[in-house]
Amino acid sequence: MSGQTMTTVLRWALYLCGAVVVSDAYMTRIDQCEPIEIPKCRAMPYNMTQMPNLVHHNTQENARLVFEKFEVLLEQNCSDSLLFLLCSIYVPICAVSLQPEAIPPCRSVCEKAKAGCEPLMNSYNVSWPESLDCSRLPRYERGVCVSPEAFVKPVKPKKAGCTKCRKKKLSWSNMKKHNYNYAVKVQMVRGKRVSENEMMYKVKLAQVIFSGRTVKFPATSDVTLWVNATCACPKLHRGREYLIMGHAEGAVSKLLMSPLTIVTAWKESQATQINKWHVRSASKSGQSQNKKKKIQPENKKQKKRPPAVTASPKAQPKRLRVSTTSVQPLNLKPTHIKPVIARAPSVPGKTTESSAPSNVSDFLNGYTHGGRYYTKELAKKYNQATLRAART
């Protein structure tokens, strides 16, 4: 073998050895990647991480213990960027092909999360943690960093006829508006498509919060919910507990799930709140029925009011009249009645209220009353005295 040939062989050998060394180093870096174990971070646009992380945790268990301290803040929904910031720091993306160290989040992500959540933390006398210092993170224009915008989400083909589910909110206004027939607590068992336009859910009935008169639940705990649509909306997950408030159809009480049905994850406080709303709704419907019953007779039997009396312009004011019913004046009759003459005593020359006239002329000029004889003068005086007594 000539010297030139030997040189060529050595060059190829060194080249191949170098390739093997590079390949082994690359495979060693790949082995550093591990699946994400923190539950809340599994929703990140990447699924592999590497340790140590950006705060020098060597295991995901150590990172999880610190991450759980922020879960209370995450539940407040103070910023949409907070979850991405925490996950990219405690379980950073594994991209050994780009750089061997963990890639930090961009400074803009940290600043958005801090702007939304720091005021809430300060209200509880808690300051923004030093481990999330935004000034230590690189800007997108000047360094390597990750942000939510850097990940392109794959577009999934939509099924024909399916649209995004719009969940009905559990509220008093929706309950009053849609007049639901039942409210139950159930546990999802399984789902099955019966036909192209119909699907059924098998659930276990755990609690009946309220039900209408037309709704009849089976003796067993197994209940079927029917979805009359090409797409199951909303979707129920096996083993989870739900509150379902909806309508029933037909005499057999076929429980329906429609776009108006309220489906939400079960909470113990929901039963008490729904019972209050149900009692409130029942009392209002009863009051409205009583009002209708009261209004109907009044409309049918309306009393006719007498027409208003208006005084005519010529009407004179009424004078005070003195009642004389208790004491009445004498009802005098002419003295030609014979029985009076017969009973009157004969006293010649005298004419008193108890004596009779002595001759025919005096008799004709006098009056009798109650069997007594009165002259004109006595009768006139008697009448005047009677009227005066009545006026007083």
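Including glycine, each Cβ sits where the backbone N, Cα and C put it.
Values in this document were obtained by computation on a predicted structure and should not be read as measured data.
Out of C110, C117, C145, the record in TrEMBL bonds C134 through a disulfide to C110. Bond annotation: of C78, C87, C94, C106, only C87 is listed by TrEMBL as forming a disulfide with C41.
The disulfide bond recorded by TrEMBL for C94 joins it to C33 [selected from C33, C78, C117, C145]. Note: the Cα of C41 (disulfide bond) and the Cα of C94 (disulfide bond) are spaced 14 Å from each other. Under DSSP, residues within the domain 'FZ' (28-148) fall into helix, strand and coil as 58 helix, 9 strand, 54 coil. Counting only the Cα atoms, the space from C110 (disulfide bond) to C94 (disulfide bond) is about 20 angstrom. Among the disulfide-bonded residues listed (C33, C94, C134), C94 has its Cα nearest to the Cα of C87 (disulfide bond). For C87 (disulfide bond), the Cβ neighbour count at a 10 Å cut-off comes to 24, with all displayed protein chains included.
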